[in-house]
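Peer 1: So TrEMBL has the following annotated:
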- Lys104, Asp128: Mn(2+) binding site (BINDING)
- 342-361: transmembrane segment (TRANSMEM)
- 381-404: transmembrane segment (TRANSMEM)
- 471-490: transmembrane segment (TRANSMEM)
- 502-520: transmembrane segment (TRANSMEM)
- 532-550: transmembrane segment (TRANSMEM)
Amino acid sequence: MLHLHLPLLRHQLSNIINQMMYEDMKMKVEHVIDKGEVIEEYISDDQQHQGFNKWTKSFSRMDHPTVIQVILDKSKDTDISGQLMPNLIYVSREKSKTSPHHFKAGALNVLLRVSAVMTNAPIILTQDCDMYSNDPQTPLRILCYFSDPALKSNLAFIQFPQRFHGLNRDDIYASEYKRLFKINSMGFDGLKGPNYVGSGCFFRRRALLGGPSTPVPPEIPELGPDHVVRKPIISQEILSLAHRVAGCNYENQTGWGSQSGFRYGSLVEDFYTGYRLQCEGWKSLFCNPERAAFLGDVPITLFDVLSQCKRWCIGLFEVAFSKYNTLIFGSQSMGVLMSLAYSHYALWPIWCIPVTFYSFLPQLALLNQVGIFPKITEPWFFLYVFLFLGAYGQDFLDFVLDGGTVRKWWNAQRMWMIRGLSCYLFSSIEYLLKSVGISTHGFSLTSKVVDDEQSKRYGQGIFEFGVPSPLFVPLTVAAIINLFSFLLVLTQSFSGKNTEGLCLQMILTGSIVLNCLPVYGAIGLRNDAGKMPTQITIISTFVSVALYYASSLCL
């Protein structure tokens, strides 16, 4: 009996040890963050000493030399059971204030070159730092596709849908992005394959070095996809070359970022790179197993959600209005259907125009007793109803058939309106100002730091405002104007006044009021740190009054 239980005991013991190691590591990381430095007692061997000693007090985030440290060497390092561990190499590329670093795309290209010099594996996984593997069978799945003779000649990458843990029950911020990461990707897959979404994607190294029939020769043979690394990764020759290709000046006078590697020119380097690869003739594949291949975190405050989306929108405009624009260049390179599919995303922020118009103009007309939609008795009324029910009915059907709930669908509609009045609008204005030389934008990371109180409110499905951001002003103004216009006409209809010609405007205004319920609660019913900041409420009230008087003069 003891012999039969030994495997189970070993497994349980391994789990206990792993948990203890994890808790110990977590404590050390948190302590280092609090102290701002790595203290000596946390450095356990000479190898770690070598790695940390490379970082000096003269280093800054934007100005430091290349640091490459082999942490695990698969030829000699083993785990607690004696099994060899895979290579683990820390890479920090050189940074200089006088050289552009191209954000995430630049970092990926450095990793691409360093990995070519040190191991040159033919398949590459790109993964965000807040995502982890959830299925050990994932590599086997992708090898089946990459090894398929019918696919491998022009298959560039395999994209898995981004899926997340920690979402609250009804996904109040629509952070699942079901259409972006899954529904629309299945549609792309029926053509030349899905777009690259930045994480959970396996690339063929060769695909990042020119088109299927037009390879781009690298500057040095060690970066070629067929190069075989024959020397140990800790040899001086290998490490010296790795440091060289990680330098901030290495890409000067080369095709990196334009003809090879991950492409520069957009804050959404994933969208842009996948698009350019498919324009070159490569195809991609969407793999959506029942068990999530990877899981990740989501931002839990509205400000972080909108800031992330605003950055995406600016990057999408950079693609839409570049010489590689998705409508003209895209249709010539990959056909009309794929061009339109990519244009749907590239022109995403333009939704701010109809959303803003429908959030303000009918309501201001209501306040002034002016009807702008057909009356119930007019034939055009039924066309409006048909289009409304058809569009929302199809959207609802797609969402629910993919496993969504009614509440999640409603929250997705609410967030579409919120994004239209905030990040879509502000990104459009910011890109327009930048284009005429008035303003510039910078890259900002999305915060995934979890505050206990914020996390508690998010778990309860409570919207988190808290930050006095201009992003909240148009939303709050829309909430105020819609509420007052709806209450005014509702009062008039109860008092016997004829409001037949205002029916469609009332329906539209009422639906926006329902969508804005979290805003009303944040303004007047909450006292926690996540309520709407007072200055935002005051500014929005003044803007609302100004819009009302301006509309009265015009109407």
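Using N, Cα and C of the backbone, Cβ positions are placed for all residues, glycine too.
All TrEMBL annotations are machine predictions without curation.
Give me the local environment of each listed feature.
Peer 2: Within the same chain, the residues at least 6 positions away from Asp128 (Mn(2+) binding site) whose Cβ sits under 8 Å from its Cβ are Gly198, Ser199, Gly296, listed in sequence order.
Beyond the ends of the transmembrane segment (471-490), by six or more residues, the same chain brings 302-303, 306-307, 310, 356, 359-360, 363-364, 366-367, 418, 421-423, 425-426, 465, 499, 502, 505-506, 509-510, 512-513, 516, 519-520, 523, 532-533, 536-537, 539-541, 543-544, 547-548 to within a C-beta distance below 8 angstroms of the stretch.
Here the transmembrane segment (502-520) has long-range neighbours at 172, 358-359, 362-363, 365-366, 369, 371-376, 381, 384, 413-414, 417-418, 462-463, 475-476, 478-479, 482-483, 485-486, 489-490, 532, meaning same-chain residues at least 6 beyond its ends whose C-beta is under 8 angstroms from one of its own.
Only residues 6 or more beyond the boundaries of the transmembrane segment (532-550), in the same chain, are considered here, and those with a CB under 8 A from a CB of the stretch are 360, 364, 367, 465-469, 472-473, 476-477, 479-481, 484, 519, 522-523, 526.
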Peer 1: Below 8 angstroms Cβ to Cβ, which residues of this chain, lying six or more residues outside the transmembrane segment (342-361), approach it?
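Peer 2: The answer is 180, 184, 195, 271, 275, 312-313, 316-317, 319-320, 325-327, 330, 372, 416-417, 419-421, 423-425, 427-428, 431, 474, 477-478, 481-482, 508, 512, 547.
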